[in-house]
């Protein structure tokens, strides 16, 4: 920083102190990026309108007949199919397979019916035991050779489809059942992304339950940490590890149970989704075992330093105790994140089913094909999620930083501004949204590049493109490190922006200089406190996922229930991040304020320090009078 910039910076700092911790001569910064963000969201609204207009989630949820009619709706009014194919199936909500033998084996027709048959035919000469295609009347004493009429088979309802439920039947009938199971497997795996989104839609209540559980655990953790910092910190360490161990054991036993059930099923009647669930549980179990081992090593390495981190947490608790509304701010952030995620998934389901229907050579529905225009729209929608999610988290970080800094920069802490959290929030809304938009945009771009690299790595998998796969993995590793650096830079920039009203680039520059100058002094605090906050996230996430896994494993309408559980895990981690960010951001803000305090003041009566004695003693290590 040049001497002229440093002089301007000191003048701004003195203004902060005069105004009881709040710099009042702020102005809007980075306005261009705020306008860009608003224009991008105008595009998101257009994308949502396109998805709602063209998407048909019922195609997957309710199923279709071989003509493309959605079961359980009036397809004539929807006007998707031509007049000769469209049919009103309002009173026919279930998919049924009319099977019949032909020259190449077993063939089938697909229709919508009122209810699944509850018994298997015994006499094909009885018209009441036959089921026919649309417009065909069962003929007495005969069945149709082309499959328009065949005998009923007792069926059970799976994913809105009538699947034969037969035992001790003839070889021919078992062959028919095998064919239908194969058809269901093909249909359910024809577009796995659509099926996953459908499962998320069917389990929306459990997603909300999981979010509420995570929110309750987060509020409890923060409230107790305020009054019992030392006890809760140690409890968090052991509880997080215990929950992780219990979750590992639960996943192991559920993996074994699922594998046993799969092996006891007739091979021809095994669903692909069962196998995918077993594989997913096995992979998750192995990952959890590795994570448990890593956590054990980290705990051994940081055991003595955890006591030091407790002191800084207590100092943050002093600041938070003066502003109790800070406990409720994560709820506001949670509502924003939850509402936006629900909106994004909802529109995503519509976009995933907005493609053109595809059919086989007998004009039976097989899936959907997205053209290049739809693919670009889906990419736009995905990037919007990354940018907006980062924007909301940045809003939380900047608000917390502004509230804590307004407490730090007053000699008498009773002079802290009234309602510091919400005052800081309104300052952010008024002056700093452009800076937040820029910081979150940079982070979203890096995250998007990493997702593209993951896609390329998956595309090269199984092919003899070893060099390309190696390059992609290296790039993914590099951008992973770069993403962590951007998050670090963003956080420091938001702190300086909230204190002095800098633009994003100015704040990032000044924040990085402060950390670089005091790197040895603050590194240990940052490392230990960040690890403790991460343990809090693990505790909340592991407990939430464990409860959700128990609730969802018995859900009948989910074909791949691990996906909702994983999403609940992400939601719980995001919610816990919002809660932990209160202490995490408080610690980082205090450290940067401390460095600023050291640079500007020397402890003399004319230029006294603003830090508390306990904080100064902790950071200085030996309680020396010299600050830096």
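Here the Cβ of each residue, glycine as well, is placed from N, Cα and C on the backbone.
Of the listed residues (146, 557), Swiss-Prot tags 146 with N-linked glycosylation site; the rest carry no such note in the record, though that does not show they lack it. Range annotated as transmembrane segment by Swiss-Prot, chosen from 205-225, 352-372, 457-477: 205-225. Feature annotation (Swiss-Prot): of 412-432, 433-453, 496-516, the stretch labelled transmembrane segment is 433-453. The feature transmembrane segment, as given by Swiss-Prot for the ranges 227-247, 248-268, 584-604, 605-625, sits at 227-247.
Different topological domain names are assigned in Swiss-Prot to residue 150 and residue 411, which places them on opposite sides of the membrane. Among the ranges 182-202, 560-580, the one that Swiss-Prot lists as transmembrane segment is 560-580. Counting Cβ pairs closer than 8 Å and at least 6 residues apart in sequence, the transmembrane segment (382-402) and the transmembrane segment (32-52) reach three or more and so form a contact. The transmembrane segment (320-340) and the transmembrane segment (560-580) are in contact, since at least 3 Cβ pairs between them lie under 8 Å (pairs 6 or more apart in sequence). Non-local neighbours of the transmembrane segment (283-303) in the same chain are 237, 240-241, 244-245, 247-248, 251-252, 255, 527-528, 531, 538, 562; each lies 6+ residues outside the stretch with a CB under 8 Å from one of its CB atoms. A contact between the transmembrane segment (32-52) and the transmembrane segment (531-551) is absent, since fewer than 3 of their C-beta pairs, 6 or more residues apart, lie under 8 Å. Taking residue pairs at least 6 apart in sequence, the transmembrane segment (433-453) and the transmembrane segment (560-580) share fewer than three C-beta contacts under 8 angstroms. Tertiary neighbourhood of the transmembrane segment (205-225): same-chain residues 232-233, 236, 313, 317, 327, 330-331, 334, 338, 342, 536, 539-541, 543-545, 547-548, 551-552, 555, 564, 567-568, 571-572, 575-576, 578-580, 582-583, selected by CB-CB distance under 8 Å and a gap of 6+ residues from either end. Secondary structure of the topological domain 'Extracellular' (454-530) per DSSP, as helix, strand and coil residue counts: 68 helix, 0 strand, 9 coil. Contacts of residue 118 (N-linked glycosylation site) defined by a Cβ separation under 8 A and a same-chain sequence distance of 6+ are given as 154, in order along the sequence.
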